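Worksheet: the structure to be examined is printed underneath.
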Amino acid sequence: MAALAAGVSKQRAVAEGLGSNQNAVKYLGQDFETLRKQCLNSGVLFKDPEFPACPSALGYKDLGPGSPDTQGIVWKRPTELCPNPQFIVGGATRTDIRQGGLGDCWLLAAIASLTLNEKLLYRVLPRDQSFQKDYAGIFHFQFWQYGEWVEVVIDDRLPTKNGQLLFLHSEEGNEFWSALLEKAYAKLNGSYEALVGGSTIEGFEDFTGGISEFYDLKKPPENLYYIIQKALRKGSLLGCSIDVSTAAEAEATTRQKLVKGHAYSVTGVEEVNFHGRPEKLIRLRNPWGEVEWSGAWSDNAPEWNYIDPRRKEELDKKAEDGEFWMSFSDFLKQYSRLEICNLSPDSLSSEEIHKWNLVLFNGRWTRGSTAGGCLNYPGTYWTNPQFKIHLDEVDEDQEEGTSEPCCTVLLGLMQKNRRRQKRIGQGMLSIGYAVYQIPKELESHTDAHLGRDFFLGRQPSTCSSTYMNLREVSSRVRLPPGQYLVVPSTFEPFKDGDFCLRVFSEKKAKALEIGDTVSGHPHEPHPRDMDEEDEHVRSLFEEFVGKDSEISANQLKRVLNEVLSKRTDMKFDGFNINTCREMISLLDSDGTGSLGPMEFKTLWLKIRTYLEIFQEMDHNHVGTIEAHEMRTALKKAGFTLNNQVQQTIAMRYACSKLGVDFNGFVACMIRLETLFKLFRLLDKDQNGIVQLSLAEWLCCVLV
């Protein structure tokens, strides 16, 4: 209950702007300015109670309490390590990033790339902090997390051994921004050890809020040059590297002066006329050193003598120190991989940049309601969350060689918080997605999930290449204009997890979650609908309480269970007293806490309707229906509910084996009827909003 209320409160705050870089979420409720002011007023340096300087902050296994690797560690503030500590010395540069005894080189590479873009760097590293002015032992950083910016506050106590920083540190002995940044990121993820192993892309995204693509340059798409050209035009961050197969190859230099294992930045592409034919060139930068490419189109290569001198001068002006040109064909031969981090619109301020349009959805896979697994599981696949994208504007500049107008879309599916959950043994799930074109006759269908029949025999228009246990799977797709259904899923069904689905499009795309409608129109029976069996039930009622008397919850339980226990077409252990109280709550119009004869008749007819639905859904006649089938059962009973409500129902009414028995099924239906009835009575303006005082609210939920 508390988690649900917190979720609703969070959604409302986000709608009002919480989570932007200018209004970041306060991680764990800690506010930097408030805490710093308290410390300055009291004259005491900040000690972070949420991430204390103790073994639990280091890790849980290899760096856990009692591990030999953690013996002799002392937490010290920079003021205890050197006489004149500085936050930043001469600007943040790649030389400030030196790896320590933690396997987080993926994070360090991302930080190094971030130093090349000052605007993006200072979104992560607020400037309002130092070891001189208003120093109170407290620092703060901002990271993008699953659709929102989060401000993380830390104290400046850092793990040391023999007077030296244990983990990330700067070449400058008195500079500490990089070590403090690593600590803040460790806090966000639960511990330093949680940072071991990862992808540079993960760091890129958490520092920028962008969406990343990866290309294997041994198998490049035909239009890769065009993709790079457009990415640069949109202000994206591009990095490339040469794979190393052994540790000995790291830092090795190729015959033509390229360094293996280093991350190079891609900074430009141009086309020149060379010997009467077009030659594609690409400009790179090595932020790690002075070594530069010595092959064709390098600084003093002879190829430059065979192009227009004015064009040569123009390209010379575009290349800064540390940058060099090479042919695109050589680029594909020499490098192994290319990573593109496409920035979200709020990361880009220049009006000249062609920005992406972004739509973001947060969702959840819940066992028994929305965790349907992949297409290998057709019985549950359709229960996964479903999202509709409407693409009606084609790209302005279509690719060469394409005849049909298309819409370019970047899809990214990211699972949430798995790194933080490593300490409890929850690793990455295998995730992926499929995209289906919606036929014309279903384009207006938005109020409920597309069912099992829609997916049977239907092939996706495109899908993620494979299910992978990565934090994010993403791909660039080109689709004809139309409406599309995106289905994100885990590989196996019944796997709980939170996710974030992002859609970056060249042109503005309309998008919505399918089945976000909530409505309830349950069948209202009439006592004249009673048949022979119903007359028997009525006579039993009169036998228990008399013709004109009212029946209590305990008596109701005895009557209903006696009738239903005689049925041979179902397995049923009986209604419990709480379900019977729910029944009385729904139909007790005069507030006596009991049911009269007419109210009892109405109740029995409702139960009979629910029994018909239950037996239809109990395919194996075992006395339970599978929790994921509740969506269909609820629809048959007149309820259309969104994923959030479906997930709540699964948590409330399904047993550990994800089955719902008849008692739970009826309790759910009766409860829903009661809640819809209450809301309609209170929604006087019929605008879908009810305002209640605290006392009124308590009376309603306690009914």
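Glycine too: its Cβ is placed from the backbone N, Cα and C atoms.
Annotation source Swiss-Prot lists active site at Cys105 (among others), citing similarity to another entry. In the three-state DSSP assignment, the secondary structure recorded for Cys105 (active site) is helix.
Taken from Swiss-Prot, the feature active site applies to His262 (among others), supported by similarity to another entry. Residue environment of His262 (active site) contains 21 other Cβ atoms, counted within 10 Å of its Cβ in all protein chains.
Note on Asn286 (active site): other Cβ atoms within 10 Å of its Cβ, all shown chains, come to 20. Per Swiss-Prot, active site is recorded for Asn286 (among others).
Per Swiss-Prot, region 'Domain IV' is recorded for 532-703, and the stated evidence type is similarity to another entry.
Panel annotation: around the domain 'EF-hand 1' (532-566), residues 572, 574-577, 580-581, 583-584, 592-597, 600-601, 604-605, 607-608, 662 of the same chain, lying at least six beyond its termini, place a Cβ under 8 Å from a Cβ of the stretch. According to Swiss-Prot, the domain 'EF-hand 1' annotation covers 532-566.
Taken from Swiss-Prot, the feature domain 'EF-hand 2' covers 575-608.
Glu629 (Ca(2+) 2 binding site) falls within a helix when secondary structure is assigned with DSSP. Neighbour list (Glu629 (Ca(2+) 2 binding site), Cβ cut-off 8 Å, at least 6 residues apart, same chain): Met617. Swiss-Prot lists Asp618, Asn620, Thr624, Glu629 with the feature Ca(2+) 2 binding site.
Cα of His262 (active site) to Cα of Cys105 (active site): a distance of 11 Å.
Across the domain 'EF-hand 1' (532-566), DSSP classifies residues as 27 helix, 1 strand, 7 coil. One way to see the shell of the Ca(2+) 2 site is to take the Cβ centroid of Asp618, Asn620, Thr624, Glu629; the remaining same-chain residues with a Cβ within 8 Å of it are Met617, His619, His621, Val622, Gly623, Ile625, Glu626, Gly659. Sorting the domain 'EF-hand 2' (575-608) by DSSP state (H, G, I as helix; E, B as strand; all else coil) yields 23 helix, 1 strand, 10 coil.
The C-beta environment of Cys105 (active site), restricted to residues of the same chain at least 6 apart in sequence and closer than 8 Å, consists of Gln99. Counting every protein chain shown, the Cβ of Asn620 (Ca(2+) 2 binding site) has 8 other Cβ atoms within 10 Å. Comparing Asn620 (Ca(2+) 2 binding site) with Asn286 (active site), their Cα atoms are 64 Å apart once rounded.
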